[in-house]
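Taken verbatim from TrEMBL:
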| type | residues | note |
| --- | --- | --- |
| SIGNAL | 1-28 | signal peptide |
| DOMAIN | 33-231 | domain 'Plant heme peroxidase family profile' |
| DISULFID | Cys43-Cys124 | disulfide bond |
| SITE | Arg70 | site 'Transition state stabilizer' |
| ACT_SITE | His74 | active site, proton acceptor |
| BINDING | Asp75, Val78, Gly80, Asp82, Ser84, Glu96 | Ca(2+) binding site |
| DISULFID | Cys76-Cys81 | disulfide bond |
| BINDING | Pro172 | substrate binding site |
| BINDING | His202 | heme b binding site |
Amino acid sequence: MANTFNHIIHHFIFSSLIPLCVFHESSSTSLSSLSYDYYNQTCPNIEKIIYDVVFQKLSETRNVAVGALRIFFHDCFVEGCDASVLIASNATNQAEREVEINLSLPGDGYDVFFRAKRALELHCPGVVSCADVMAIVTRDLTNLVGGPYWQVQKGRKDGLISNRARVWRNLPRPTHTVTLMIHLFESKGLTKRDLVALAGAHSIGFTHCTAIMGRIYYNGTYDIDPTMNAT
């Protein structure tokens, strides 16, 4: 039931948000093309506009922080931060969001991206990419719930490609061992320190029971997985 509800909410949000995204033929954005002042001339109040939306949404529900953070991670870890997780499926393609692990991505997380993009369209239509919106929104939410603040470089391009086949080989899963996790992160140029930081982000919010059932009811018993450290 929860997954069905999420799917309906996602369909509504995606069908409203996708026409506003600044799509480009290539989803790759080189670091050299990013800058802190990317929108200084075209949308100078981007940070204030987004912050106001984020602050309001957070006052409505605290769950939005972990929701947006999880969606942003699921977007970036697959094919880079290109907002491809927002792309809806069509008659010939099953998009990233159709994979089982993405069906539980929370509607409140998508909603804050939707609101921020809508607000920006009123001030500077067709200028800011959805990928940049996701990056700034997630930064602001992380900071507002007690996490660090960092300056966000801007200039990301929105991707055109979103395929469910790309998700499973890229996203870490609850069943992954530490060795597999380290290998996956290293394949993306990330360190063990990055792994700890990003895994630690899952310590806010809540989890679904299905993600941990195999560890706390090991092999169908009531015993904890013996490979887990008792401390």
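Any Cβ shown, glycine's included, is placed from N, Cα and C.
Whatever TrEMBL says is automated annotation, not expert-curated.
Annotated features, which come from TrEMBL, shown on the structure.
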residue : record                       : contacts (Cβ under 8 Å, 6+ apart)
Cys43   : disulfide bond               : Leu120, His123, Cys124, Val127, Val128
His74   : active site, proton acceptor : Val85, Glu96, Ile101, Asn102, Leu105, Val167, Leu171
Cys76   : disulfide bond               : none
Integer Å distance between the CA atoms belonging to Asp75 (Ca(2+) binding site) and Cys81 (disulfide bond):
6
Report the same-chain neighbours of Val78 (Ca(2+) binding site): residues 6+ apart in sequence with Cβ closer than 8 Å to its Cβ, ordered by sequence.
Ser84, Val85, Glu96, Arg166, Val167, Asn170, Leu171
So which of the disulfide-bonded residues is most packed in, judged by how many other Cβ atoms lie within 10 Å of its Cβ, out of Cys81, Cys124?
Cys81
Fewest neighbouring Cβ atoms within 10 Å: which of the recorded positions Arg70, Asp75, Gly80, Asp82, Glu96?
Gly80
Restricting to the same chain and to sequence separations of six or more, state which residues have a Cβ under 8 Å from that of the residue listed as 'substrate binding site'.
Phe77, Leu180, Met181, Leu184
